[in-house]
Each structure stands twice: as structure tokens, then as C-alpha cells.
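Peer 1: The following block contains the structure, expressed as C-alpha cells.
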Amino acid sequence: MLRERILNFVFAFGLLAVPLIAYVSDAPFVITLATKVAILALAGVGLNIALGLGGLISLGHAAFFGIGGYAMGILASHAQSYTLLTTWPFEIAGTKSMLIIWVVALASSGLAALIIGALSLRTSGAYFIMITLAFGQMLFFFAISWPAYGGEDGLPIYLRNGFPGLNTLDPIQFFTITYVILGLALFLSSRLSKSRFGLALQATRQNPERVEAVGMRPFNIRLTAFLISGMITGLAGALFADLNRFVSPSMFSWQTSGEIMVFVILGGVGRLYGPVAGAALFILLEHWLGGINDYWQFLLGLILLGVVLFARGGLIGTLVGREVAHD
Amino acid sequence: MTALLTASNITAFYGASQALFGVDLQVGEGEVVALMGRNGMGKSTTIRTICRMAPQKSGKIIFAGQSLNRLPSYKAAQLGIGLVPEGRRCFTNLTVEENLIAAAREGFWSLATIADLFPRLGERRGQSARSLSGGEQQMLAIGRALMTNPKLLILDEATEGLAPVVRQEIWAAIRRLKSETGLAILVIDKSLKELSSVADHAVILERGKTVWAGATADLNDDLTHRYLGV
């Protein structure tokens, strides 16, 4: 446990130190890479609550990531074109305020998680995987066929949204925002896993019938976890869209769901800092292997295969010397 | 004595095969009742039916003045039925303390009172449930059920497969529960000697049906030989 805490600190400090060094040495591209790691790790932190604590293998988390992204894209595009979002039943204008966009992203992805969760959590195993995947793909095709917001081409946003007191176009300042949010999400995830709710969620993963016998309804526990998980991933989607100043249907695609899951598995399923380690390793490999070979994803696949076969605790599990965080 | 649990003429099926043919039993407030019978006579099914884990076909189950018919098992547990299942089934992915906290509800039972009842659990509170011995896992399963602060504790073969010394510890704890807390207990066990010394009443099942119910003091050799094969 102590070794894992030390390792967590190393990852947290490393993720902060890299962009600071890049800032001093005037390498904005590295800061952007670190920002991407922080945002993708945030999406992974969301999935890790459902997958790592609850054992819910969701292949539809791209739905929440995309909803968060489109919440940002739609609000910002209306603000930049000075058009109203809707005129009925009352007028709603767009906004360039990050804080408002985050609230909308959290609310809309939370609502989606509640609906998707309420339907999909009545099933388990392969059926749960397929239903979550189907919801993600449904939204993917909806986004493609929605010309008002770019359809297949996506939706560009010319200026990054604003945050009170900060210049969000400055890479280091935008990184700071994402790093703080990631820190808050990790804190929430840590508190959650040790709370009575988090323990009941972990118990539900192992034996739902026994959880019911002590007076708790596994469905409610899982739905709450799915909701929190979806909201965090939705917030990551809004930040990701702000980083790229662009949203596209690919945010909803099953490949995105798969990538978020890869971050969690690479880092260590159920490990607090697993998504951080996984996202950092993924981005590093993407750039390192991408520079060597165009088929870098094939090489990434081999590495993932190696992790699943020989290091089931992921990067963190392997480094702390314990294979799996749970059954 | 006021009846806390009354099961009248309950029948249950596993698919097409009938497992209970009319079980009647009653547990009063603060009373210890032994549910007896040979293997396969429906004792565990009766308990699972009371806890709403096995489908009940007919009959009535009233607990604390409320019908349990049609209630899901978590509601029955919320009403105050604490089950210690056969085979323990602790949450092995959690520590001792986490197992107890996960089940905790407001009331007399807390981490401190559980540690007082089972000092070994107090000593191993940070240890993974997976690493506990069979006896310690059984203590944890009892502790977890107590943490729900039940009105009725149901113990299904709580001492099965344990070393004699550990069995004595479990029986000593059950005696303490009876004398110090006045908790109603429904217990299934193979040890006739221990059951007779702890239980106030006994119910004997034969082929999924209640064939005898009465005070344990009235259990005689004829009954135990005929229905329990002892």
C-alpha cells in the first residue's frame, strides 16, 4: 500500500513537472501533450469507478465523453455565431464560459448515464457490454446525421472558452485547469472507494446476492456508480473538446470507448492512479511508436496483449509488485 | 412471548421440483429456535425463502407484523433479518473492517461491539478477508450480519467444517448474544448437543414439511432417532 502511495505521488508529481519543465524550456507542444494526458486520465478515472470498483465492463463510455464534448461545442458555437440555442419555451443563448459549459456537460452526461444505466444495468456480462456499446454507437450515428452541428465533419470552435482570471489560450494555464480537475476527480474517487457506498459497490462486484442480504439493492448501487462515472467522463469530454477546439462524432465512437478502457487496463484496473499511468503510457507510446512506425497501433496492441497476459495489475500493479487490485 | 417471525404453511419450488411442502415455524422476540432435520429436508431452503432468496409459492411469512410475501430480499434485510449464510461468503476483496462497514446500519452493533464479541476480528481489522482462517471468516460473516443491526439473526450451519476449538468460540458468542442482547436467533446446525443447550424451541423438518415443533426440553430419543437419525 505504501509503495503504491509513493508511486501515485511520483505519477502526480511527474504529470505536473513535465509541463513545468516544458514551460521553462519553451516547449508548448509538450504542455499540450501533458494536458491531453490529464484529460484522458480524467475520462479513465470516470470509467475506473464503474469498471474498477463496480466490475461494470462498459464499452459505451464514449457516449458520455461525446456528450460532454458536444455540450461544449454546441454552447460555444452559438456564442461565437451570436445565435440563440433555442427560443422555446424560453430563449437560451450559447456561452463561452467554461464553468457554465462544465455544469451543462456534467448534467447532460449524467442524465444520459442515468437513462443508459437504468436500461443496461438490468443485464450483465456480455449483454451489458453489448447494450452500452449499442448506446454509444447510436449517439455516434446521431452525431454524424446532425448537420446543424457539423454532421460528419464535426464542429470547430475558434477560441478556447474562458475561465475567470485565467488566459485559457496559454497552454500552461489551461493545463493547470485540467490538472486541478483531475486532482479533484482522483480525490473524489479515492474518498468514494473507501466510503460505505464504495465498499458496497466493490462487494456488489463480488457477490450481489450477499449485498442484497445485508439490505442493499445492487441495482441502485451500480446505477449510482454508473452515473458518477458517466459524469466524470462527460466532463473530460468537454475539456477534450476545449483542448482541440473541435468536436466530432469520433468522440462517440466505440474506438474512443476502447481507448478509455485501454488507459484503465494499461495503468491497472481498480488502481486509483491506474488511469493516469495508463493515459501517460498511451500518449507516450503513441508519440514514440508513432515516430518509428505508421502502424504504431499494432505495436500498442502487442503491448496491451502483454499486459493482459503477463501483468494483469497493469503498470501500477507490476511496479508495486502485486498483480491485481481485486478479483 | 410475542412472535417476531411466523411462517405458515410455506411451499417453495426450484423450477418444477417442489422443495417445501408446508413449513410452519415461529420465532418469538429474544428467543433462540433451532431448525432441525436431516440433510436435504429443506432447512436451508426454508431460510432462503424467509430471506426472500428462494421463490415462495404459497403460505404466509410475517416478520415484525409485516408480510414478507412479495418483498425483495434487500427489503426483508432492511426490516431486520440478518442472515449468516452457509459457506460464509465474506467479501474476500475487502478487509475485515471494510466487510463490516459495507453492511453497517445504525444501532447497537458497531466495529467496537463486534470486536468485543470477536476479539480476533478486532486484531485483524486491516487484514484482507481472503487471508482469514475458516473460523475467522465465519466470525466475520456473523459480524457482518450483526452490523445490519437485525431483530432476527439467522445462522445457517455456522460451525460447519470448523475445528472444535473454533466451534466452541462460535457457540460461546451465540450464548453471549442470547444472554446479553436478547437477540432472536434462528439456527441450523448439526450439533444436537449444542443446539439443545442454546435453543429454547426446536422445529423439525422432514421432506420439506414441519413434522414437530416444541420446547427443546421436550426433544426425546424417539424424535431425534426418527427424524434426525441420531
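Cβ atoms are placed via backbone N, Cα and C, with glycine included.
Found this in TrEMBL, in case it helps:
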TRANSMEM  A:7-24  transmembrane segment
TRANSMEM  A:30-51  transmembrane segment
TRANSMEM  A:58-79  transmembrane segment
TRANSMEM  A:99-119  transmembrane segment
TRANSMEM  A:126-149  transmembrane segment
TRANSMEM  A:169-188  transmembrane segment
TRANSMEM  A:219-240  transmembrane segment
TRANSMEM  A:260-285  transmembrane segment
TRANSMEM  A:297-320  transmembrane segment
Peer 1: Taking a Cβ cut-off under 8 Å, which residues six or more beyond the ends of the transmembrane segment (A:99-119) line up next to it in the same chain?
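Peer 2: Those are 60, 63-64, 67-68, 71-72, 75-76, 131-132, 135, 161, 163-164, 222-223, 226-227, 229-231, 233-235, 237-238, 242, in sequence order.
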Peer 1: So which of A:30-51, A:126-149, A:219-240, A:260-285, A:297-320 is most in touch with the transmembrane segment (A:169-188), counting Cβ pairs under 8 Å?
Peer 2: A:30-51
Peer 1: Report, as numbers and ranges, every residue of the chain located at least six residues beyond the transmembrane segment (A:58-79) whose Cβ falls under 8 Å of a Cβ in that stretch; write 'none' if there are none.
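Peer 2: Counting only partners 6 or more residues beyond its ends, the transmembrane segment (A:58-79) has Cβ contacts under 8 Å with 43, 46-47, 50-51, 85, 93-96, 100-101, 104-106, 108-109, 112-113, 116, 120, 128-136, 139-140, 143, 149-150, 155, 157, 161, 226, 229-231, 233-242, 246-247, 249, 251-258, 260-261.
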Peer 1: Same chain only, please: residues at least 6 beyond the ends of the transmembrane segment (A:297-320) with a C-beta under 8 Å from a C-beta of the stretch. Say none if there are none.
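Peer 2: 3-4, 7-8, 262, 264-269, 271, 273-274, 277-278, 281-282, 285-286, 289.
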